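Visitor: A single structure is presented below for examination.
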Amino acid sequence: MCVSNGSSRAEQALASQQISLPQPQSSRLFLDPALLQAQVSIPPTTVATAVTDQRVSHKFCIVTTQSIMAPSKLKRANSQIRGSGHSLQGSRPGRESVHQRRRGSFHAKQQAVYDLILLQNVDEQAVIDNIKELYDDDIIYSYIGNVVIAVNPFKSLNIYDDKTIEEYRGRSAFDPKLKPHIFSLADNAFNDMKYRGRDQVVIISGESGAGKTESSKKIMQYIAAVSGSSDKVNAVKNKLLNTNPVLEAFGNAKTNRNDNSSRFGKYMDIQFSFSGDPSGGVITTYLLEKARVVRQGEGERNFHIFYQLLASGKGKQLGLTGAANSYRYLNQGQSTSVSGMNDANWFKEVDQGFDFIGFSADEKESLFAAVAAIILLGEAEFGAQGQGAKVTKVDPALLKLLGCTDDQFNRALTHNTVIVNNQQVVSDLSPTQAGDARDAMAKALYDRLFKWVYERINKAIAAPQNAIKAVIGLDIYGFEIFKSNSFEQFCINYCNEKLQQLFIELVIKTEQDEYLAEGIEWTPIDYFNNKIICDLIEGRPKGIVALLDEESIRPGDKSDDVWLEKLSSAFGAHEHFKARTGPGDKSVPERSFMLVHYAGTVSYTVTGFLEKNTDTLFKDISRLMFESTNPVIKACFPEGDEKTWAGASKRPPTAGKSFVDSMKKMIELLNTKIPSYVRCIKPNHQKAPKMMDDELLKHQVQYLGLTENVRVRRAGFCFREAKEAFFTRYKLLSDATYTGWKGSVDDVHAPWVHHWFQILDRVVGPSTSLRAAMAKTMLDQSISMPVILFGMLVYTGFMGGLDLEAAIARARENHVAVMTGEDLSLWCWHGTERDQGFVRNNAAQCSVYL
């Protein structure tokens, strides 16, 4: 392996020692053809890459990738180029050729580009046309700087295999040979975590059916492939990867918008060791849509696991003798199968996933028994008995699965016990109330089972305490607008509002605010800030959720209609709230209110809001579950122990307030990570490949703020970093800071700025270093060679018999000789491929000793 540092002293030494150095693959200058005609003189040993300044000035600069040019040469080269009177065009070489065969109608507008920042004219139609043109060519990914746009192809594409992973491994997103890919984002996040020690978060957003879950899985696939491969590491990766089929089976369902819709939010925290190998993880979930357990809309299914259990032989073993369409809890949507989804095969995958994660055979048996019990619970029926009710139909298999007697089941479902002055007061339920209690029991049991599953997974995948880094994937439910929208859609859409607010804050608002704070000349870009909607929902003391809580917990009779009246009175004049103003007003559906969300206007039916918000479960049912002989069911209901009933109990928080609090905590946590974004787009509602609904695409481009995002990224700086972190990372690249620099940033700030930023033609504010994302890529490539060289020198000394401390000391001496040009023979290191691979894979540790 041979590389050149590009200094004039190095050139003389190379000439005298007659060492032949191969040119790297990136050793060409990407310039506009007109610039090449200017015959700018660039030293042949310099590996240079031009970087576009997307601001109005359209200046450009040269950054060395694997060599460091003397400042005088860089200054002279820039002067020659500026003197030519040319400027660099906003495009990447090689990328236009992909679409030169495109139809003339598109060429009349603009050529398709992989990065929307490079569009010649930025407007909404140009963004739409570009996404459509790429999609027609089966190119589902594009960029807005470091933001990935992903369009759901609704078909399988052969772009996720091992060969593709290797193509993107360690490669820059700006490499003109590579098409846009989610693997590029994953690689960047992984390497930033590994080599810079910064926790990452990948925020995946989009409406239901846009492909968020699949995007999350592809990111996990890539990280698993490029990280370590020891037996111990592989065991961890297998556990992490196998959480996907398990959580999808228990948390996903078919809806009219998506055949595999996530009915819960998931925050997957993958934790890594110092060397960048996955050591474990933790999963946080949000608001499972448990109402689906007892009721589904037309054309929809219950959660996948119910149908998978029935399709497998396991269902019959547990007493499920009927078909899916014969059970009340599974047939309400009149859709018990999904095209292209084999429930029996998926159950096998789920069963194997439990094995990989570490579930015991007894745990699986108890869990599947509880799932089967929920199916049979829906078949229980009730009739009148005096002033109360009695069970008129119950499957003996249900009693066996629940681990209870007929008398225990009958007592729990037909009575309600409350505590008054530390005394139990029992009242009878009517047949209708008993049916409601049955449904409440089914929803609570499934919700608790889901929680037990992911908590058991967390126990199995927990990382050791020495895990220091994390890459987090946030796969949250997409924005939903159904014919009938209730409490669940209200919470889901609020969650999407919070994520959109975060995106606005970090990508658009904060970016512009910082330029002003740094004293940088800037023309503000207009955008819609949805903070006003978030405040409307979560505000205290008079937000929508606060008024919902007020009505839910007040003494006396309470109703959804009274709550609606309070909302109308409080927010009737709010620009994002609509309700009926009188009996003759038909602009809003009956017993409903509308919210004008960032993604569209949604009508919410208030029926059931209070019940779902209080989310109470009769003590009799909790006691029945706690007394179950099924250990998993028993563990899910600790409050069923009568010993805990005595004394005044604190009212549990409402479901609405709990969800708002969890969203706020999530946003606070996300703000501590380095974010990457995947903006998923659904091309059509038919879930059909090669079909793009123009109006649907336009709507998503608008509410995702893609056009505004392009404008901000195009006009501004794509990267910022504190000076201290910047100099610590790149001190190897300058004589001013290379050898033993430990001073303050201010001591080297001036020479560094002269050496790099004056060359890059960038602005340095009073507190941060600002630079283009492409320049960052080139600097990262520059530093990789010195770090790898140092690692090779340490490795050679260690394998030559020196102890580690002595090997490091000698490597430092030799490294100084190389970097100052005193001994360039050491640039050639003749280790085996295995040795070189070892050093590259451990470059993070090597850099610590420099």
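If you go along the chain as it appears here, the first residue is 1 and each next one adds 1.
Cβ atoms are placed via backbone N, Cα and C, with glycine included.
Note that this is a predicted model, so its numbers are computed, not measured.
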Visitor: Can you identify, from 180-202, 479-501, 663-685, the stretch that TrEMBL calls region 'Actin-binding'?
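Guide: Going through 180-202, 479-501, 663-685 one by one, TrEMBL gives region 'Actin-binding' for 663-685.
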Visitor: Look at the binding-site residues S208, T213 and tell me which residue has the greatest number of other C-beta atoms within 10 angstroms of its C-beta.
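Guide: For the binding-site residues S208, T213, the Cβ with the most other Cβ atoms within 10 Å is T213.
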Visitor: Please report the number of other Cβ atoms within 10 Å of the Cβ of K212 (ATP binding site).
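Guide: Here the count is 28.
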Visitor: Within the same chain, and leaving aside G206, E207, S208, G209, A210, G211, K212, T213, name every residue whose CB is within 8 angstroms of the centroid of the CB atoms belonging to the recorded ATP site, in sequence order.
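Guide: Sorted by sequence, the hits are N152, N258, G478, C680, K682.
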Visitor: Please give the average pLDDT for the domain 'Myosin motor' (111-794) in this predicted model.
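Guide: Looking only at the domain 'Myosin motor' (111-794), pLDDT averages out to 88.
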